[in-house]
C-alpha cells in the first residue's frame, strides 16, 4: 500500500500516541520511516463515513424533507391546502409545530441544511480520528474524537483475514478488511473502507506477517507431518516474509455454476415448503377460509426469504489453494473473500441431503479455530462449499488435509464402512429405527472417520491430532439397552463428531483406541503438545468411572 493514497494522512502528534507505546516509537521531532516492522498511521478512504452510516442519515433527512416540501411550496405561494386554510385556529393543546414550519419555510429549510451539515461534520470528524497502522508486532486501530478507542491484535494471534464488499462499497470501488483473532468475535478488527486493490494488498501483507510471527514463535523441534492444527501443534511451513510476493494460486478447486446453485436451492426442504404451501394457501383462499391462509403466510415468507438470501450469499463461489491457505470468494450483491489457514481446520463434514443423491452433490463444512465461515443463516454456518460435485469435494478435502490419506472414504460416501468398523447393533433400532444400519466409525491410521444417516448421508473426518478431548455418553434408555455413544470434542463449529448407539463394549474399545491414537498424535509433538491425562478425558479408567456413575464425561 502506498503512502500516497488519498486517504492516507500524517501520523498523530506525540501526545496522541498510546501511553504504553515504547519511547523509541513515540518520538517528538522525527517519525520513524515506514518499514516492514513499523509503519505510519493511515486513514481510510474519504468515502468511508458515507458507507458506514452517513448515507443512511442523509437518506433519512432527504425523506423528511420530501414529506414537507409540498407544504413548504404551498405556503410560499399562498396556496396552502391545509384543512381550514392557513388561518385555521390551533386548539391550544400544544405548540403548533406544523403551522410554525409552514409560516417560516426559510427557517425550516435552513434547519434541514444545518442538520445535513452537522451529520457531514460528524462523519468527517469520525474519519479524521480513525486510523490504523501495521506496527512492529501488532496491527493497531484507533478511533474516536472524544471517547477514544485503541485496539490491537498481535500478528501471532491472527486467525484469518477476510475481505467484504457490500453493494455500495462495490459501486464505489471500496472494500472492508476483517481481521479475526484468537480472542473471539469481540476481539476482531474491521478496517473499513479501503480501495479494493489496497484491501487485497493489506490482506496478503497481514497473512504474511501472521505466518512469519507464528514461525518465529514456534520452537524449532515442533511440527510433524500429519499432526497439525491445535495450539502448540501447527506444522512447519514457509515463512510469510513481508516484502515477498504472496504465494501463487493454483487452479480453482471449486468454481460453482449458478445453475447448480439454483438447482440445489430448489432441492431443499425450505423450497419444498413453499412449493407445497402456496397451492394449499390458494386452495383455502378459493374456499373462503381466510383464517387458514394467514397461517400459511409466515412460513412461506420465511422460507422464500431464506432461499433468496442463500442464492445471493453463495453465487459466484470460487475456492482456490494459495500457499498454506484456502481463499474462498462468494456473493452476488455483497462479495466476501476469506482466507482459511489449512492447519487451523479441526474437523470436516460432508453432507448429502436425500434430494441430492441422484445428482451426487455434497455440502462441505468445517470447524476452523477462531474463524467464522459461511453465511448469516444458521444452516450456512461453517459451510465452505455449499454444493459441490464428488470430484470437487475430494479435491477440497485433499487441500484441507495435506499429507493425510483418508482410508475408507469411498465406502463412507457411497457404500459401507470397512469390516473392522464400529457399528450399531440391532438393539439400536428402538432408538434409531431408520438409520441404525448406517451408523459407524473407523479409526484410520491418521483420522477418525464417522458415518451416519439415511437416506441422507453425513461423513465426518477428524484428524487424530486435532481432537480436543473425548466423551462417552449413556442415557437411561441406552443403559437399559446396553448402548452408549462416543463424542469427539472439536473446536466450536458446525461439525459435531459423534458415533451414536454402539454396544457398550464397542464404545469402550472405540474410546480406548481413539484415545490412544489422539494421545500418540499429540505426544509426537513433544511435551507441550501432548494430552493432559485427566482433563483431556482420553483414558479408559476415567470413562468407566463416569459410565458407572451415570454421568457424562
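In case you wondered, yes, glycine gets a Cβ from its N, Cα and C as well.
Worth saying up front: this structure is predicted, and the values here are computed from it rather than measured.
The region 'Disordered' annotation in TrEMBL covers 1-40, 76-97, 213-251. Among the features that TrEMBL reports, transmembrane segment is placed at 50-69, 106-129, 261-278, 284-305. The domain 'YdbS-like PH' annotation in TrEMBL covers 127-205, 314-370, 436-513. Taken from TrEMBL, the feature compositional bias 'Low complexity' applies to 218-242.
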Problem set entry | Non-local residues, at least 6 beyond the ends, that sit with Cβ under 8 Å of the transmembrane segment (284-305) | 270-271, 273-274, 277-278
Problem set entry | Structural state census, the domain 'YdbS-like PH' (127-205) (DSSP three-state) | 24 helix, 39 strand, 16 coil
Exercise. How many of the residues that make up the domain 'YdbS-like PH' (314-370) does DSSP mark as helix, as strand and as coil?
Worked result: 7 helix, 33 strand, 17 coil
